[in-house]
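Chemist: Can you read through this structure? Questions will come right after.
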Amino acid sequence: MMNTSFYDDTNSLCEIKTIEENNMIEDEMLSPDDQLLAQLGYRPELKREFSYLTVFGQSFGSMGIAPAIAESIAFSLGSAGTVGMVWTYLVGCILLIPVSLSLGELGSSMPTSGGLYYWVARLSPPKPRAFFCWLAGYMNTLGYISIYASTIYAATLILGATISISVNGGYTPTKYHNFGIFLATILLTFAMTCVRTSVLNKLNLFYLYLQLGMLIALIVILAVFTDSEKKNTPSFVFLEFQNTGAWSSNFWAFMMAFLTPVWVVSGFESAATIAEEASNAAKAVPFAMVSSLVTATFTGWAVIVTIAFCMGTDVIGIVTTELGQPLAQIAFNSLGKSGSVGILIMLWFCSICNCSILMVAASRETFAFARDHGIPGSTFLRVLSAGAVPARAVGFVAVCGAFEGLLMLVNTIAINSIFNLAIMGLYFAYCMPLILRLVYDNFKPGVWYMGDKLSYASALYSVIWMTFIFILLLFPSYPNPTRDEMNYAVVVLGSVLVFCVCYYWCPKIGGRYFFTGPLRTIDELIITDQQGLVGGGNYQLNPAQNIEMKLSQPH
């Protein structure tokens, strides 16, 4: 069967029409969620077993606040001390809330697993649509895989520090040991992710309660068991700025500390990637995006402030610890050997669960992009295994994550660049649909909508803020860097962009010859009510409507 784009030449984005009368299978009665998905052009393939709470758990669990803070405070502490760590987290998270509101509007209007990539398709003009979709798909895939790989690496460091403390400092993992742990962790999360949707639903709820419990435990344990002489004063925590980085400018040192909050809360939009597995997705997806970010803002800040009060005043010693993990050193100073090993094991387990949730998001986005033939090997990657699980897409994420992990064999600075890379890839993809809706003004609101003026202002602000952060993350950690000190995120991002553009425009075999954007997987959709045929412009359908859908065989 010939692949057919969702869009026709007249740019009627919401029109649904018959493409082929033949090659049909049985009629199906659709739920309201699948009615909406059908009007967006997709055959329902994944099982809808995720509740509101589960979708919230996907977004909140993707952030993994406690382990993510443990894994990334080196960036803020190592740039601007406790003041940078405390204030950039609060300010950075609050400034991202309008971004979640704007992306939530898109998720409500178009709840598909393609997420950002599909939104770009709906909002683009006809001529550049395919290329814009192609670019957004690759950047979003890169961002998700990089956030997964960076979290795997951070979990590796936590485990290495735990082992080192448990043997009284008699073991210091080499980069080859760390790479072995990195690969083993990928295999573990692969096994945790290749399960049925019904199992993932229960696991997501477990991960949610686990992450909330870890936040409370970390705050209480540090606050109660840290000796009073090691606790800091409010002025040291909130007011006494220290430039602990390599940049001489205090302003620039403070700006560099923003990597911690933007990395910690990255993934709040991952609810969009499971939209086709969620009940009442048009409401659940935006609710999860916004509420998870707000929750992460204040619970995460409570953890950050607690750490700042309980870490002592030797900031440089903590950042440069031989354990390779600042929070491990803080825990050891406050809790001793047994206490620090216990809390680090808990953080490591939470981090593994965080990695599993990120792998779910990355694999669903990969599956959606492969479904539309955007990735090399799409015919293979889009096939679902038993239980409607995209296991091949999960494997693709695992392999790509392993390749990114090779950077740790270069040096610490090189592997740390994937933290920047993750945010740069995601923010590039976030900005594309928001810019398109601002420029072309063809956005059709869903049930989650702020109103014309506020919605426009929020989208404009979001683009400006994310562009600023994107530019900030292009800079290296050191002024006048050597080859070993350069920001390798620029190299990897540039390589992916070059591959993406060259592969699309390559003569005869390039993407422009076969890729048209999101592909319809529905041949015929007939929607009738008492008044007859219901048009495609308004796709918020009444559940009482009778839907008859003819489905095509999978591409």
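Every residue gets a Cβ built from N, Cα and C, even glycine.
Found this in TrEMBL, in case it helps:
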TRANSMEM  50-70  transmembrane segment
TRANSMEM  82-103  transmembrane segment
TRANSMEM  145-167  transmembrane segment
TRANSMEM  179-199  transmembrane segment
TRANSMEM  206-226  transmembrane segment
TRANSMEM  246-266  transmembrane segment
TRANSMEM  287-320  transmembrane segment
TRANSMEM  340-362  transmembrane segment
TRANSMEM  383-407  transmembrane segment
TRANSMEM  413-436  transmembrane segment
TRANSMEM  456-475  transmembrane segment
TRANSMEM  487-506  transmembrane segment
Chemist: Determine whether the transmembrane segment (413-436) and the transmembrane segment (287-320) share at least three Cβ pairs under 8 Å, counting only pairs 6 or more apart in sequence.
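Modeler: Contact between the transmembrane segment (413-436) and the transmembrane segment (287-320): absent.
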Chemist: Answer yes if the transmembrane segment (82-103) and the transmembrane segment (206-226) have at least three CB pairs under 8 Å among residue pairs 6 or more apart in sequence, and no otherwise.
Modeler: no
Chemist: Do the transmembrane segment (383-407) and the transmembrane segment (287-320) share at least 3 Cβ pairs under 8 Å, sequence separation 6 or more?
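Modeler: Touching, no - the transmembrane segment (383-407) and the transmembrane segment (287-320) miss the threshold of 3 or more Cβ pairs under 8 Å.
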Chemist: Per the 3+ Cβ pairs under 8 Å rule, pairs at least 6 apart in sequence, do the transmembrane segment (179-199) and the transmembrane segment (206-226) touch?
Modeler: no
Chemist: Give residue numbers and ranges for long-range contacts of the transmembrane segment (50-70): same chain, 6 or more residues beyond its ends, CB-CB under 8 A.
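Modeler: Contacts with the transmembrane segment (50-70): 151, 154-155, 158, 197, 200-201, 204-205, 207-208, 211, 214-215, 218, 260, 263-271, 273-274, 277-281, 283-285, 287-289, 291-293, 295-296, 299-300, 303-304, 307, 325, 327, 347-348, 350-351, 353-354, 357-358, 360-361.
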Chemist: Is it the case that the transmembrane segment (456-475) and the transmembrane segment (145-167) have 3 or more CB pairs under 8 Å, with pairs at least 6 apart in sequence?
Modeler: no
Chemist: Is the transmembrane segment (340-362) in contact with the transmembrane segment (145-167), using at least 3 Cβ pairs under 8 Å (sequence separation of 6 or more) as the test?
Modeler: yes
Chemist: With CB pairs under 8 Å as the measure, which of the listed stretches 246-266, 287-320, 487-506 comes out on top against the transmembrane segment (206-226)?
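Modeler: Maximum Cβ contact count belongs to 287-320.
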Chemist: Report, as numbers and ranges, which residues of the same chain sit near the transmembrane segment (246-266): CB under 8 Å and 6 or more residues beyond its ends.
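Modeler: Hits for the transmembrane segment (246-266): 62-63, 65, 68-69, 72-73, 75-76, 79-80, 83-85, 88-93, 96, 147, 150, 293, 296-297, 300, 419-420, 422-423, 426, 469, 472-473, 475, 477-479.
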Chemist: State the residues, same chain only, that lie 6 or more residues beyond the ends of the transmembrane segment (340-362) and have a CB under 8 A from a CB inside it; answer 'none' if no residue qualifies.
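Modeler: Same-chain contacts beyond the flanks: 57-58, 61-64, 66-68, 70-71, 141, 144-145, 147-148, 151-152, 154-155, 158-159, 161-162, 165-166, 185, 188-190, 192-193, 200, 203-204, 206-207, 210-211, 214, 217-218, 221, 267, 270, 273-274, 327-328, 331-332, 334, 394, 397-398.
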